[in-house]
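Asks: Pulled the feature table from Swiss-Prot, pasting it below:
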- 56, 57, 58, 59, 60, 61, 62, 63: ATP binding site (BINDING)
- 43-229: domain 'Helicase ATP-binding' (DOMAIN)
- 253-459: domain 'Helicase C-terminal' (DOMAIN)
- 167-170: motif 'DEAH box' (MOTIF)
- 521-541: transmembrane segment (TRANSMEM)
């Protein structure tokens, strides 16, 4: 096996002529040492003394040899292994978990680096996996270093790391762009401190095979002398361009792999593997199935078989059978013959992978790469803030990375499934996520870092210092969400963080909406663990709750068993339990909460019974409930992350633990439902949509509209969704439609500010970053109580904001809007439906009551403006005058709807009840109650203004009134 290019002389470019034939790694190490005071260099005075860019072809050793040799600057390679290293570390970031783990293990096992011992001098640190020394060479995902830069001081970072190597720096993920922003700001701050700070400034090395050296050098303000180019590769790669493009790349990929296999039947197993890139798991599963069928044909022809290994991030995190097959030696692997069921040695592995195998990964037995040329990533469109997974042609830089998987240990072959002409037409570089996705969850981090550089402590858009700033429309949308969420406000000199914003900016992985929802949980006294669970479900589950189902035929009814596993005990014996729960909750988010509660119950049950192999039992439980085990584990991990985030900033993650929805009883259930829905509304109010009766569509503030139809609930008047999603309509023509990801119905649960849902107002000057012209602040759609909470409902002790205390707010009381506390036995049989009232949009109702027995066919009721009602079976037999009066007092501040029945058997009861509720005003029993004018007279005499929606029928009348 040849040496990596970095260890072979004669590959240097963009260096002085006398050094062109140097061994690249020696030249690089010498270049670095010349700028280190401990090796005779001068004290750094600019970024040029601490930033180096290395552009080197794939397979050149920049991910392996370079970090090791840089570490040897700090620790001599001849140092005895028993001597513990106590100096500063070298961190080498990787964009993916697979590469971080694999590189560390490979170096620790390599005979070329006897001084690098896994767990002692080399290791890895990722979110799910960690095996690292306290000090040494540490391979880590970019997110690990990003979190450290976010939470640690400059001096703490400098004390930990002497070198930061950002491998695959061309990747433009949000986290990597933010990490580079943090690094640049840190270096500048330490340089400004003079020699005291400059002596320990970490050295930053950016490496990539396809990096735009001009863009990055301009960003860091360094010259050409800080750029080292290493050209050439040890072994050649032959590209096999097709004559024509394919219109079915999955089928073509299978055919190409089978052709390679048959035509190279004499390949040595150590030089035979095939890697096929696919954009997503759906394609991976389909291609794996086709390859399995191909194995059947090979078995019939008595030819050697292929071992098919589907690899994605989930396989790596779980270290499943496919991942273990990837890491094992080919001689230790077996494949089952589909005809004889006997096991035999495979000729080669066919690795079908997503982009997790695109960078930094060396498979020493890999000889062929098949690339369909597609890439799938999240894209977000503004101002709708609608996003989805969009499949587009991969950029040339990504294709070069894929091609670079071969030719590392021996000559390789690259099979693109597109013509050379197509390759030449696609973009050279991938679009950064800050452009395609917008700032998203890192917006507040950008704000804080920008404020740090501003002398007046305000946020100005023009001062954002990133490789690429967010697009204007994305930035305007993010600003609006931060202001509406109470995290940003306009001060005397410009935009500033509020106290809530300061707390939210300390979160590492929470978006504006997620932070706002957590804060709302404290405002409204919700169980924060429920909030964390719901946010975790939204984060993990793509598009719809039914995507939690591990079944090709997904529908809402299949969720029933999973939802019922987590509902409160008092609801479990109800007839038609799932249908009634679905009607009662009218909420995908709460159903997701119950699904997780069921999973959590299973965990506790298995632990209490001390079962062996907990994961196996949980997997079987998920299979029984038709749930994806991997998704449930991800929700569990994400939930833990959110709770940890809250604890880190000093908030109690188990606030109101006793008020969890799953532990509610008949008296508290609907109140807790209303509390959680209020939190949804506070967090996602910009994603509220109202039903337009004329267009039969839901419309929002930004003019977008979409069709939504629940399987049971018909046209609720107001819904909220965490995010709008783009769903493919036609793959052939690349068409998408807008649809809500999760739906929470607000009717009857929450007072919705209708004015807030009007088309959004323009916000002039907000992008100008200041108010120098002293113009009056434009009106913003911000609910007044947000400001009150920021100013009066929080106070902090200490400068670190570690303690957050609530102050009661007398003007904001959570209304008890049900009959639960009046008649405890009724909720067991509560049935919810929707009744259209033409005047209801003029008032904000909480919860409205009617007798279920009076409506046998709700489909006959005219659908106009939806108001939520609670059906109470035989309510007239239970509701006393005292109960009626108590109910009226609960609902009085916001109006009340009476559904009045005229059956003679109940007439006297209702008259007396109504008379008592209205303050003992006399109601004449001899009136003709079938005329609206008579009712209008009664209510005017009582000091009320009645609104009637229609002429009463023979037995029914609907009345809306407000005092």
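Placed from the backbone N, Cα and C atoms, the Cβ positions cover glycine too.
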Asks: Can you tell me how many other Cβ atoms are located within 10 Å of the Cβ belonging to residue 61 (ATP binding site)?
Replies: 24
Asks: Check the domain 'Helicase C-terminal' (253-459) for me and report the mean pLDDT.
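Replies: That region's mean pLDDT is 89.
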Asks: Between 57, 62, which of the binding-site residues has the fewest other CB atoms within 10 angstroms in the structure shown?
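Replies: Ranked by other Cβ atoms within 10 Å, the binding-site residues 57, 62 bottom out at 57.
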Asks: DSSP-wise, what's the residue breakdown of the motif 'DEAH box' (167-170) into helix, strand and coil?
Replies: 0 helix, 0 strand, 4 coil
Asks: Taking 10 A as the limit, how many CB atoms besides its own sit near the CB of residue 56 (ATP binding site)?
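Replies: Its Cβ shell of radius 10 Å holds 26 other Cβ atoms.
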Asks: Minimum Cβ neighbour count within 10 Å among the binding-site residues 58, 60, 63: which residue?
Replies: 58
Asks: So how many other Cβ atoms are close to residue 59 (ATP binding site), meaning within 10 Å of its Cβ?
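Replies: So the Cβ neighbour count for residue 59 (ATP binding site) comes to 23.
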